[in-house]
Each structure stands twice: as structure tokens, then as C-alpha cells.
Amino acid sequence: MSSMTSPYVPAENAAPYPVMSRPQSGRVVAGVAAGLAQNLGVSALSVRIALTALTLLGGVGAMAYAGLWIFTPALDDAPSTRRSPLSLVLVFLALAGSAVGVLGVSGASLSVAVPLAVVAIGAVLAWLAYDRGLNTPVGLVAVAAGAVLVIGGVVVAAVTWESGSGSAILATALTLVGFGALVVPLVLKLWRSLSQEQAAKAVSEERAEIAARLHDSVLQTLALIQKRAGDSREVTRLARAQERELRAWLFDAPSAAPTTCFGALEAACGEVEDLFDIRVSAVTVGEDTELTESAKLLIQAAREAMVNAGKHAGVDVVDVYAELLAGELSIFVRDRGVGFDVENIPADRHGIRDSIRARVEGSGGRVRISSTPGEGTEVELAVAL
């Protein structure tokens with residue numbers, strides 16, 4: 001039998017294809033050149049030189065830089081506090097070259113160029129604030145200042161530009177560009193943040209589901225194996241049953257599982273009977289219906305209640321009663337075993353807290369546990385379908 005000295009561990013947050021991002025460390029302005037260099041596998045200095053050269057050609061490099069700045073997400077790494085003098089010189093040359101190039105190509109006068117420059121400065125100021133976050137007074141002030149500059153540039157253009165249909169069209173276009181420069185980057189940033197939160201929530205829910213599943217199956221089986229370690233035949237039976245259950249969960253098609261509420265409940269009762277060698281007597285009332293996600297979680301919680309009865313109650317029979325009436329599924333799990341004090345549940349009883357209460361209450365259902373030492377336990381679970 002072959003063995004592995006170290007398990008395979010996938011790269012954390014690995015993307016299926018290279019995705020460009022803007023690192024905060026090593027940046028001069030917004031990290032566009034550094035991110036582009038990492039994505040292309042070249043030095044950041046060569047990218048900055050290329051962007052500067054393109055900027056001298058009518059501002060092409062500056063427009064490309066602005067587009068990448070808007071549509072490329074920024075990383076959350078620590079920002080760099082030192083900037084290369086050569087990089088600062090390139091930034092100055094790019095700005096000067098962009099201004100000279102635009103004026104030279106368009107032949108625009110200063111009365112046209114000044115409002116454009118004011119709008120551009122305001123947009124850059126707002127974008128820098130978006131990158132650094134809006135949760136500080138400095139960030140809010142920077143955004144407000146950028147908005148004032150953009151609006152001021154638009155107003156100056158509308159007042160100083162010569163009257164005429166062409167000037168009116170340009171003023172309208174400048175207004176739309178200024179508004180978009182303020183709003184589009186903010187909307188993209190909020191959308192990325194929301195997507196990241198949803199992805200993190202999905203991962204958290206998946207981990208919780210896996211943990212609950214492992215608790216319901218593997219950990220319960222291991223606890224039984226510890227109790228029955230002297231019975232090799234029973235240990236083998238438990239291990240094989242657990243292997244079949246894990247294989248079915250990991251590899252079998254979802255259609256192999258029961259598709260109705262009562263069918264899923266009866267399957268859960270059979271699993272607990274096999275696991276603990278006890279009789280689980282199930283009674284169902286009402287018209288069976290298709291298994292929904294909330295009903296599935298309720299039945300999983302009921303299974304955990306049966307497991308607790310088989311594991312802790314010291315009984316040979318567990319009674320299960322289920323009714324599906326008026327759009328509500330209710331399940332009662334009853335044993336006449338040793339019982340326990342509901343008010344003093346040990347902190348390590350994850351089955352009650354995580355596998356029962358968290359599942360049912362998380363889907364909008366309710367849980368009621370009644371138990372008296374020496375008289376047994378009843379667990380009532382209900383959820384609206």
C-alpha cells in the first residue's frame with residue numbers, strides 16, 4: 001500500500017485563471033503598474049516607462065492607466081511608505097506629457113484645458129480615497145473634495161466655454177464623464193465588497209454543514225467504537241457502515257437520497273437503528289410532500305436527537321412521531337431513558353447546540369426540549385414548509 005508523507009493542500013483562494021489586481025505595496029499612485037507587471041511577469045519599472053511613453057502620445061497611457069485603475073480591484077496588503085525617486089519622476093513626466101499631448105493634438109485653449117484638468121484632479125482624489133477606504137474622516141473629506149473639484153470643473157466649463165451647439169455637447173459630455181468618474185468606481189468597489197462577503201458567507205455555511213455532518217456521523221461512530229472496543233465484530237460493522245455512509249455522501253448522486261419528507265425521516269430512523277442496534281418506532285400523520293431544504297435540516301436535527309437517545313438514554317426503543325399538517329412539519333423524538341437537566345447542558349454537547357438548535361432555528365423553525373432525570377427526554381422540532 002502506498003503512502004503519502006504530506007497531504008496535498010490547495011493554494012488558498014487560488015483563482016482558476018490569472019486575475020490582475022493592484023497591490024498596495026510598491027505602488028506610486030494606485031498600483032496599476034505594479035499589478036500589470038506582476039500579471040505580465042515583467043518589472044514594474046519597465047511598465048511605468050511604457051505607460052509614460054504612451055502618455056506622451058496624446059495621453060493614451062494616462063487613459064489606459066485610468067481604465068485599469070477603475071476596473072481592477074485593489075489588494076488589501078500593507079501599503080508601501082517609500083516611493084522610488086525615479087518612479088516619482090516618471091509620474092511627473094506622464095502628467096506633464098499628458099497635458100501637453102492633449103493640448104497639442106486637440107489644439108484646445110487654456111479655457112478648455114483648465115476645467116478638464118480640474119475634473120481629472122477631482123476624480124483622482126476621489127479614486128485615491130476609494131482605495132484607502134471611506135471609514136475614516138480623511139477618506140470622507142478626500143471624496144468630498146474630489147466631488148467639489150469635479151462639479152467645479154463642470155461648472156467652470158459651462159460658464160467659460162463659448163456658446164454654441166458644439167460647446168453644449170462637450171459640456172454635457174464632460175458632466176456625464178465627471179459624474180461617472182465619481183460614481184462608477186464607487187459602485188464597482190461596493191459590488192466587489194458584496195461579492196466577497198457573499199463568497200465568505202457561502203464558505204462559512206459550507207464549513208458549518210460539513211462540521212455538522214461529521215459530528216452526526218463520523219464522531220458519533222468513533223464514540224461508539226471507543227465504547228465497544230472489546231467487540232471486534234461490532235467495531236468492524238460500525239466501521240463498514242460509516243464507510244458506506246461517507247461514500248454515499250461524498251460520491252453518490254443526490255437523486256439516490258429520499259425525495260419526500262416522510263421518506264427521508266424513515267431513512268434517518270433506519271440509519272439510527274443500524275448504528276445503535278435499537279428499535280426506532282416511527283409514526284407519520286398527514287400527506288407526504290416533496291423534501292425541501294428546511295424540511296431536510298429539520299429531519300437532520302431529528303436524526304441527531306435520535307442519535308443522542310441511542311447514545312445517552314440507555315434505552316432499546318426510541319419513539320418518533322411526525323405530522324405534516326397546515327404546511328408545517330413537526331417531529332417529536334421521545335425516549336424513556338435516564339434524562340438530563342435541560343438547564344445545565346454541558347458546554348461540550350455540540351449535538352444539541354449545533355446539530356439541533358442551530359439547524360432548525362437557522363431555517364426559521366422552533367425547538368423545544370423537555371427532559372427530567374430518570375424519566376426520559378422529548379425533543380419537539382417544527383418548521384413551516
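Placed from the backbone N, Cα and C atoms, the Cβ positions cover glycine too.
Please treat TrEMBL annotations as automatic predictions, because they have not gone through curation.
Positions annotated as domain 'Phage shock protein PspC N-terminal' by TrEMBL: 21-73. Residues annotated as domain 'Histidine kinase/HSP90-like ATPase' in TrEMBL: 296-382. Marked as transmembrane segment by TrEMBL: 49-72, 84-106, 112-130, 137-161, 167-188.
The average pLDDT computed over the domain 'Phage shock protein PspC N-terminal' (21-73) stands at 75.
In terms of DSSP secondary structure, the domain 'Histidine kinase/HSP90-like ATPase' (296-382) contains 34 helix, 31 strand, 22 coil.
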